[in-house]
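Before any comments, here is the structure.
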């Protein structure tokens, strides 16, 4: 009973602080970086932040270790005029994007910065980290946002994308969102590297490993053994519950599936991994990324990271070419926002033709070789 009352009081204090302390909009964007550069998906989150309100300073949070982190921070400071501050958390704990240390970092930054919104993209990075951070901050996240009507009103797909739901957020600050990068394209913006550079600040990590409620209570819980025991019993320290094993990726030289302008996708009709190489050859000629349906992935034709659909990657390229793809509702949810859709299938009644801009009823084993023969080699 005593522990329950303690948690209730802590929650009330946290709720009052979050609701009334932050009166103006300010947004924290969780950004990914690789090779010293910000990933394009993270800039889509910045574009989404601009839709919240006109006067909305955006802080970009980068975490990692080594020189590549600081190179990414320097580039981030000039990559978009809406970014007013770049926060850098340099520690070996963030060398890999594990949810536990990242969630505690977000909690730390939020309690110090008191942001009204926290935004990440709806990819493996955002989906892994944001829900855990939301739990630490005792708020409910709004996921898969495709449009923003106001600071607390959002549109997200439901029923595998067959319907759009308008969500009104009524909880305490921060309002935490994951947004689909394909719904917030980044326009080409020229930024003056001198006059338009955002400030770069180091995050103070000295209190990162303190107990979960040390910041709220302002107490040194280590000096009160009974309270410390109650807290540790109910909320175990999250850091260290998982560890990085390895990163497996294919260095094919092709564009990234999530950001490619052209995507060539194959389905189960290709029948084997050997036949799927035709899709890869066609993609190489077009300078395109390779995608696959869940059926093709489950059959072992290609690795899981190439799956497009509700349980895979969401893409919206300029051109989407589907070969032997029937058009299951789960697959359509991941690609129907593509600008131009071209479908090739033997079945004239395949659902893919209902969303295709151009459709060809034919045998892919005849169509693809003919395309490979007539298309010029990529320069």
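Cβ atoms here come from the backbone N, Cα and C positions, even for glycine.
Pulled from TrEMBL:
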BINDING   268, 293-294, 307-311, 324-331, 345  FAD binding site
DOMAIN    27-207  domain 'Electron transfer flavoprotein alpha/beta-subunit N-terminal'
Cβ-based isolation winner (fewest other Cβ atoms within 10 Å) among the binding-site residues 268, 331: 268
Binding-site residues compared (307, 310) - the one with the fewest other Cβ atoms within 10 Å: 310
Fewest Cβ neighbours within 10 Å, where candidates are the binding-site residues 325, 328: 328
